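K.L.:
What TrEMBL records for this protein is below:
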- 150: active site (ACT_SITE)
- 3-140: domain 'Semialdehyde dehydrogenase NAD-binding' (DOMAIN)
């Protein structure tokens with residue numbers, strides 16, 4: 001039996017992790033169990049207050065995100081804000097498989113991390129995009145995995161096959177569009193439905209977007225990203 005915990009279970013990323021776990025064949029076959037569901041400010045609430053569609057887990061109480069709560073699980077998913085995963089991961093045992101959905105361990109370039117995120121670099125983990133050349137071998141048996149960002153996933157899967165066949169010029173511009181859920185669950189005026197319906201706006205342009213170095217890390221050339 002594989003016992004799985006989810007830190008940040010009340011957020012959008014945590015909810016998607018749980019939805020996928022509930023639909024996994026191993027869960028239906030009784031080979032996977034969902035253990036601790038944790039959050040920070042939402043501790044003490046029920047999961048139904050955040051994800052009412054996850055009915056099998058609706059009455060589960062969200063616990064504090066603490067190492068003691070997450071200890072004893074085979075796999076721990078981290079759906080935490082950027083910069084919060086490293087400290088928590090360092091307090092979990094080396095045999096625990098940790099899958100981080102945040103950005104903390106995606107970049108191999110410490111200078112790029114510090115430039116775009118403004119905090120000390122925590123290191124890098126195997127990059128969890130198995131379609132990249134050689135990635136399956138690196139991920140097989142890994143106990144620590146960094147989940148790719150949304151824009152890098154789309155950009156790399158779209159561009160790498162074309163670049164490999166010399167179908168496009170190496171210098172590329174990535175123009176990506178996201179819904180507001182990509183910004184997380186925290187309420188912000190500029191993300192209200194009334195503000196965004198029927199419109200689109202550019203943000204973090206001219207190489208300022210945090211996903212720019214991650215896309216460049218996968219592509220090789222330095223892309224322009226909007």
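Using the three backbone atoms N, Cα and C, a Cβ is placed for every residue, glycine included.
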K.L.:
If you average the pLDDT over the domain 'Semialdehyde dehydrogenase NAD-binding' (3-140), what number do you get?
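P.N.:
Averaged over the domain 'Semialdehyde dehydrogenase NAD-binding' (3-140), per-residue pLDDT gives 95.
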K.L.:
Is it possible to get the count of other C-beta atoms within 10 angstroms of the C-beta of the residue listed as 'active site'?
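P.N.:
A 10 Å sphere around the Cβ of the residue listed as 'active site' contains 13 other Cβ atoms.
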K.L.:
For the residue listed as 'active site', what is the secondary structure state per DSSP, taken as helix, strand or coil?
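P.N.:
DSSP call for the residue listed as 'active site': helix.
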K.L.:
Tally the residues of the domain 'Semialdehyde dehydrogenase NAD-binding' (3-140) by DSSP class, grouping H, G and I as helix, E and B as strand, and everything else as coil.
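P.N.:
Residue counts for the domain 'Semialdehyde dehydrogenase NAD-binding' (3-140) by secondary structure: 43 helix, 26 strand, 69 coil.
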